[in-house]
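Quick look at what TrEMBL annotates:
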TRANSMEM  12-29  transmembrane segment
TRANSMEM  122-146  transmembrane segment
TRANSMEM  186-206  transmembrane segment
TRANSMEM  226-246  transmembrane segment
TRANSMEM  258-276  transmembrane segment
Amino acid sequence: MTGGWAGYAWPPAIAMASAMFVFLLDFAAERYVEKKYGFMHGATGGERAGGIKSASADAGMLSYQMAHRPSGLADHHQSHQFLHSADQDGTGPESKKHDDIETASITTEKEQAAETSFKQQIAAFLILEFGVIFHSVIIGLTLGTAGDEFATLYPVIIFHQTFEGLGIGARLSAIGFPKRLRWMPWMLCTIYGLTTPIAIAIGLGVRHTYNSASNTANIVSGVLDAVSAGILLFTGFVELLARDFLFNPDRTHDDRQLTFMIVSVLLGAGLMALLGKWA
């Protein structure tokens, strides 16, 4: 870049702006879920299911307190139970109706919690997917227009895309898709798998007219790479490290497994950084 544009490091600024945009998008999505469904921030499906369990525990505590009341109150309670024995033992129509309503209410709450959890997970995954797709387009164009450096770029890009595919597949497999959306994982995997080959084909088609060293090509490639970097940095630090390791209520307490997970993250980051030397 020339003129006044050359006096500032724009790639980090664009990456930061991209990360801030994704943050605002993620925050707006979570705020929408809170307002629409009445769930507090950070309340996962497991915690909401735990709330149902705690209600049962409260009912058990109430029974214990009733059994250990003073004698006068206990006699009154026993008389009340005798008068309404048909409802207390579950044989009365009112008791059966109440049980059906309570069961339906619990089932509806669980389904609503599962639906909300799915929406939050798929929103986070789509942010990751779009960031990877932006990056894959640039990789494909670079490989399709490569000259003598093709022999070096080709194996590096194979490993690069393989690791990204493993990451996307791992995140995708952890999402519980409802029956009506069973086709979505296949579609998302297909989009990722076809993005780079299509970009390579485009690069091969324009390789004789495309000048990768031109000012326009460098600006477009740099902006897309910076946007992708901001998205991937946000998803890596927030969606992976923060939510899966720091704020995950279902995180394992096994130190050996935690050590293996952390070593895997560090090893993966190191390998991707090493591939960045050539890619």
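Backbone N, Cα and C define each Cβ position, glycine as well.
Below 8 angstroms of C-beta separation, residues 22, 25-26, 29, 153-154, 157, 160-161, 164, 168, 171-172, 175, 184, 188, 191-192, 195-207, 210, 212, 221, 224-225, 227-228, 231-232, 234-235, 239, 243, 279 of the same chain, each at least six residues beyond the ends of the transmembrane segment (122-146), sit close to that stretch.
Long-range Cβ contacts of the transmembrane segment (186-206) within its own chain (Cβ-Cβ under 8 Å, at least 6 residues beyond either end) map to 125, 129, 132-133, 136-145, 157, 161, 164-165, 168-169, 172.
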